[in-house]
Every structure is written in structure tokens, then in C-alpha cells.
Amino acid sequence: MAAKSDGVLKMKKSDVAFTPLQNSEHSGSVQGLHPGAQPDSAGAGDADFANGESRCCGGGGSHSTCLRLSREQQKYTVWDCLWIVAAVAVYVADVGSDVWLSVDYYLEEDYWWFGLTLFFVVLGSFSVQLFSFRWFVHDFSTEDSAEAAADGSHMDGNKLLSGSASHGDVTAQHHPATPQRQASTASRNTTTNSTASTGLGPRGPKRPAYYTFCVWGSQSVIHILQLGQIWRYIHTIYLGVQSRQSAETERWRYYWRMVYEFADVSMLHLLATFLESAPQLVLQLCIIIQTHKLLAVQGCRLFIYYLLILAENAALSALWYLYRSPLATDAFAVPALCVIFSSFLTGVVFMLMYYAFFHPNGPRFGRSMSGHGLNLDPTAQFSTLPSEVATNSLRSNRGATATLERDAGKYSERDGCMPVFQVRPTVPSTPSSRAPRLEETVIKIDLCRNRYPAWERHVLDRSIRKAILAVDCSLTPPRLQYKDDALVQERLEYETTL
């Protein structure tokens, strides 16, 4: 804000946007409007407030672009309050789930994952509280400096107003006295007199020391307890309610304070997203992959997932199209919607083509998606190969009984992994008059060997060797039995590598 040499008060466009909060105590002197008076729209210039005249921000003189908001824009609705409550619920759920996950890792004695998870939680929370407290210090000190500057500029303000009044009289003599300008001059003189008598009169005492101490102490405790963001949400709701219950002259002050407070808390939430949520998501994905807890996605679940993604894209696109600015988006609105949905459809088509024609293990439709999708129920029926075909290369493994027993004892203590190949022991024959029927040992193979790297294939081969040596002392050679028809093609590979 600056004053000309002849005493005319000038304000730039950049001063208008922050006027409601910078001089919230003197709404009449800032806006240059009498309560209920209409802004003067005669003439255009460089958007200066000369002699207290009020000009519209857009330069066109329309009521929707003036500094004083319309009644609909100033009204704080219930939906605004519900959105803030939803934001609080999301924030609490986010932090609570992270803390619960850290405690779960600690109870499972995964101290490395516990430390990393808790580190990202603490890093994001402390960063957000630091920014929030820094903004509080800046706002509180700005209010104190503004009051001190206002107390020290009483005499300068009186001189400025007297110069403006004299210049207004001269202006009224030089310009034609149209009815609109006469009304504007009268309104300007009334506003100037009321401002000189009330706005620039003796101000009240400064803030007491105990009040400043209480504010600083309470804000420090709130931010130490990591509740600064929650406090700002609650303060935003309080300012919104005050903007509805206050008088007409004070309503715009609370409304603008609520808008600025909500902008601050939204920026804090954005910082928390980048500093805590995004690293936490990457960390948990790495933990899932390294601990082999990632389960295969079934076809029905995959269909439901992409259906939800399509519904979400459609809802957001529809909301954007309905509430967009027509003048700025008419040129690309429809092409943008076409690109969004065509890209989604193209991705789904390519995914289906990959699983239908280009998957390394053949078409995936109609069979299990991966080895984890196989039915591991031990009561399931197994497809049995002919005995003479499946055991041709295994007959040479028989030898002396003593040697086999010694080898079986040697291999039974090795490779303490879970049994991949289930061995069905020989059923003892019951005494009868007829000759006993020899029961053969069957080795059931449940996993596809080609789906594993070379090292894991070697581990599987050692497991099947252990199973064969453990039952090689039987009278009949063991027989391989496969659970899935897709595994039949690996029979020769098993038999040639053992």
C-alpha cells in the first residue's frame, strides 16, 4: 500500500487478494464500501483504489468479481464440514494402520521391518509437525507486527485521510456531477468519516503476556504430541461455523480465515503423502515380495479389480466433465475422455492377448494361473501314468538291501525342507490263502519344475532323489504320479535328471 504525493490512496491488484486478512479489523477502510453500498463501476484503470473508490477485481464492474464475495460463496455448508471430517478419518486410519503394522512386526520379532516401518511413520509425522509449527510462528508474529505497525501509524493515517478528503472535494469540482458519482462521493465521505472516527481511533491494549504464553505453550504441546494437523482440521471447522453464526459485517472475515486455514492443512496433508505414505507403500511391497507372501490373483478377483477401476475412472471423469470450465476446456474435453477410456480398454485387450497366446507356459485360460493356484488338497484325485511307462528309467535304481538301507538313512537327515513329493507307503498285506499282491510305492509330484529357476530346480531334484532313495528298498520300484495334466510333459525331464 502506498500513497501518492498529493495524498491519494493507491492499492495494487496484488494487495486486494490478501486484504481480508491483512486488515481484518478495518473492513470499511480496506474495501471502501459502506455496508450495503454497491461498488462504483464507472471507468476503468489500473485497478487502483483512488480516494477510497471501490473497483471490481475483474475490471468489468460485475458483482461476482468484486472483492466482497457473494452470499453463496461466503456460506459455509454442511458438505464442507463433512469433507473435513472425512479427511480427519482418513488421516487417523492411515497413521493407525501404520502403527498397528509396526507393532505386528515387533511381536513377530521382525525387528528390521519394524524399524523401517516405524522410521517412515516418524519421518513423515515430524516433518508435517515442523512445517505446521513454523507456519503458526509466522502467522502469530505477523499479527503482532501488524498491530504494532497500526499503532505507530495513527498520525500518518489521519494525514492521509485528510489529504484524500481534500482531493475528493477537488475531484468533485472538476468532474461532472452525475447521479452515480454523487452517490459514490457521498458513500466515500461517509466511509472516510466512519473510518476516521472508529477504525483509526485509540486501539485497545496489546495482548497480555499470559495470553501469548498460553497460546505458545498450547501449540507447542499439540505439535509435540503430533496433533498439529488434527488441530488445524478442528480449527477449520470452528472458523466455518463462526462464519455462519456471525453478523454480516464479520462473516467474510471468518470465511476467509477458514479458506486460508483449509489451504494450509491441505498442503500439510500433501506433504504427509509424499513423505510418509508413498515410501511406506514401496516398503510394504518389498516386504511382501521378499517374504514370499504374495498370493496368486484368481480370475474372478482380477475381473472385480478391473471393474472397480473402470467404475472409478468413469465417476471421476463424469464429475470433471460436469463441473469443468466450458470456455477453457471445450477444445479438448471430449478427446480427453476418449483417450482415457480407450487407453483403459487397450490395456485390458493386450493383457488378455498375453495370457491367451503369448504366455511362456501356454494359454492360461481354463487352467491355473500359477503354481500357487494348484489344488494342494491331499484328498484330490491324481492322474496316473501307465506303470510300465513311468518306471522304465527307475528300475535300475534297485540294489542290495543293505546298501539301500544305508543310503536311505544317509539321505533321510538331509534337506530339511517341506516334502514336495508325497510318498505313499506300502500297505502291509493280510494273511490269506492266496498269494499276496505286491503294493507299489507312488511318488506324487505336485509342482511344475519348469516354472522355477535353475537353482530351485536343483533343490527339487534333490528332494525327489531323497524320496526315491528312502523307498528304494521295496520289492517294486517307485512310480511317478502327476497331479495336473500339464505336468505330464515333464516326466522325462524328471527321469533323465535323477
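Every residue, even glycine, has its Cβ placed from backbone N, Cα and C.
The region 'Disordered' annotation in Swiss-Prot covers 24-46 (among others).
Annotated transmembrane segment per Swiss-Prot: 81-101 (among others), in sequence order, evidence recorded as sequence analysis. Listed by sequence, the residues of this chain that lie at least six past the ends of the transmembrane segment (81-101) yet keep a Cβ under 8 A from its Cβ atoms are 117, 120-121, 125, 229-230, 233, 236-237, 240-241, 262, 265, 269, 272, 276-277, 280, 284.
As annotated by Swiss-Prot, transmembrane segment applies to 111-131 (among others).
The region 'Disordered' annotation in Swiss-Prot covers 166-203 (among others).
Under the heading compositional bias 'Low complexity', Swiss-Prot lists 183-198.
Annotation comment: Swiss-Prot describes 302-322 (among others) as transmembrane segment.
If one looks beyond the transmembrane segment (332-352) by at least 6 residues along the same chain, the residues whose Cβ comes under 8 Å of a Cβ in the stretch are 306, 309-310, 313-314, 317, 321, 324. Per Swiss-Prot, transmembrane segment is recorded for 332-352 (among others), and the stated evidence type is sequence analysis.
Within the chain, the transmembrane segment (302-322) has long-range Cβ neighbours (under 8 A, six or more residues past its boundaries) at 333, 337, 340-341, 344, 348.
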